Amino acid sequence: MFFFIFLSCILVLVSGFSRNLPILAFDEGYSHLFGDNNLMILKDGKSVHISLDKRTGAGFVSQDLYFHGFFSASIKLPADYTAGVVVAFYMSNGDMFEKNHDEIDFEFLGNIRGKDWRIQTNIYGNGSTNVGREERYGLWFDPSEDFHQYSILWTENLIIFYVDNVPIREIKRTKAMGGDFPSKPMSLIATIWDGSNWATNGGKYKVNYKYAPYIAEFSDFILHGCAVDPIELSSKCDNTTPKTPTIPTDITLDQRRKMENFRKKQMQYSYCYDKTRYKVPPPECVIDPKEAERLRAFDPVTFGGSHHHHGRRHHRSRPKLKGDDDVSFM
């Protein structure tokens with residue numbers, strides 16, 4: 001019989017709250033999703049490698065569904081020529097809700113030698129895949145040289161994406177969005193796969209398998225959320241959690257300053273300014289003419305849509321329990 005739990009409460013403010021959360025061994029929170037031997041758990045049990053070769057990619061998935069929370073992993077991306085390679089760390093319920101699924105996505109898009117990785121973030125709610133809310137960014141470091149922390153905060157009315165505890169994007173639920181805001185329990189998923197048809201310069205540069213295997217390394221797993229019964233798909237966390245500080249519900253002034261600085265220097269694309277896709281910007285967009293002008297300098301963007309790659313459409317039962325310039329945003 002399943003029961004509802006909420007993991008230990010956060011004790012500090014948003015600027016450093018992830019440091020006080022328990023780090024899980026891989027087998028405590030995740031299970032192999034696809035890729036056979038292309039997923040390797042290291043001897044310490046707390047780190048995992050997933051790789052892409054000509055045969056297959058690889059992926060893993062959380063053992064539980066979650067309804068809101070803070071979710072994080074430290075990731076080191078493949079180096080050298082990585083054009084066409086996509087590494088994803090995201091939340092989804094696409095295996096349970098094929099026609100009205102939700103997603104919260106981090107996608108890392110490889111590049112040709114000498115060009116930097118880029119990050120793409122996106123959300124879908126209630127199957128709203130016809131309205132992509134993508135943004136793309138550069139980074140102030142080389143993500144293939146060392147591990148960096150990538151985190152998602154998801155509450156009833158707010159989603160925040162973080163890189164090394166710096167918020168890079170905030171999405172507030174608005175009445176105008178309707179059902180487009182993710183609102184159903186989701187799994188955490190990580191994958192590496194071949195996105196040759198769109199990931200690098202709109203598909204101009206493909207995966208070159210002479211550089212394979214492409215290896216993405218994951219560690220420092222945090223799954224701090226409300227675990228949900230996969231049959232009933234309901235949560236009683238609000239009724240069972242202690243009356244003590246939990247997940248923050250907003251960004252501090254200092255965090256907002258860092259986020260604005262990041263976005264001014266590193267954002268390369270926002271769906272809000274894409275007049276080819278949207279003659280009228282989606283209703284939640286707030287248009288900044290200066291930002292619009294700056295983003296025109298970047299090449300047109302091609303998207304791959306939702307993750308319809310090998311291993312994504314899995315149907316699983318509940319698993320058994322057990323860079324650019326050196327810029328500072330601080």
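Note that Cβ sites are derived from N, Cα and C of the backbone, with glycine treated the same way.
It should be emphasised that the depicted structure is a prediction, and the values quoted were computed from it without experimental measurement.
Cβ neighbours within 10 Å of GLU103 (active site, nucleophile), excluding its own Cβ and spanning all shown chains: 21. According to TrEMBL, the feature active site, nucleophile maps to GLU103.
Annotation comment: TrEMBL describes GLU107 as active site, proton donor. There are 22 other Cβ atoms within 10 Å of the Cβ belonging to GLU107 (active site, proton donor).
Annotation source TrEMBL lists compositional bias 'Basic residues' at 306-320.
Feature annotation from TrEMBL assigns compositional bias 'Basic and acidic residues' to 321-330.
Residues or ranges marked as domain 'GH16' in TrEMBL: 1-218.
As annotated by TrEMBL, region 'Disordered' applies to 301-330.
Annotated signal peptide per TrEMBL: 1-16, in sequence order.
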